[in-house]
């Protein structure tokens, strides 16, 4: 909290004064050096003062942290949090709101289809695609082209530019997606509108949770931003949004599949970055050890 320095008791203030006084009297000890004067008498005195400094610091530490943190909060701290950290405050309100929703909501019975807010929002698009098979096929083809763009960029970043992070991230993501998708196999949404040209091409089976379409696009977009390709990244974000709307309209994914796909792309991009850092550190350590052994 930036509401001011923590308030200390009189004992802690005395401990702080002892530290300041003792360190002022023994500048040589504070600077990590010991001066020899008067046959070593000052050395003994400085050593004794050093013990006092350590004891006073321990006392100050005790009095500073002996009370719980919330007992030190003041009105200024609350105002500072509300004005400068409004987003966590908003999340706190959201927590309370959705706790009330969750504990009073009527759960969907096993005999009913899952409730999906995205399906409700795209109901008109679903009816349009249902009545226009050619339009559905055309959008599916364009979506497959977009997936191909993702794959070309991610592989090209490694094979052409020599930057494997996006490829590593995609490998992490699709492996985890396979594990989760097989572990919990969700039912195919009612009214699913498939197409032979939709990716994966050929009306083959696929995992619903989570969306590899969305996650792959996020991985590519994050890599573009690292390389300062802002315009291309924004293009991928817009196409990814349109892709998500289409997938909801065709009932090709539940809303939760798409939302987790965004999070998965961010997560696995971060993990790939940590893997690269670990690999570089390990390689540097190995090279250093080899040089030391050669010397």
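Using the three backbone atoms N, Cα and C, a Cβ is placed for every residue, glycine included.
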Legend entry - Stretch carrying transmembrane segment according to TrEMBL (options 46-65, 66-85, 86-105, 106-125): 86-105
Legend entry - Which listed span TrEMBL calls transmembrane segment, if the choices are 138-159, 226-247: 138-159
Inset, instruction - Examine the ranges 204-222, 261-279 and name the one recorded by TrEMBL as transmembrane segment. - result: 204-222
Legend entry - Annotated stretch (transmembrane segment, per TrEMBL) among the listed ranges 14-32, 166-184: 166-184
Legend entry - Spatial neighbours of the transmembrane segment (204-222) far in sequence, C-beta under 8 Å, 6+ residues away: 143, 146-147, 149-151, 153-154, 166, 169-170, 173-174, 177-178, 180-182, 184-186, 188, 233, 236-237, 239-240, 243-244, 247, 253-254, 256-258, 260-262, 264-266, 268-269
Legend entry - Interface check, the transmembrane segment (138-159) with the transmembrane segment (86-105), three or more C-beta pairs under 8 A: no
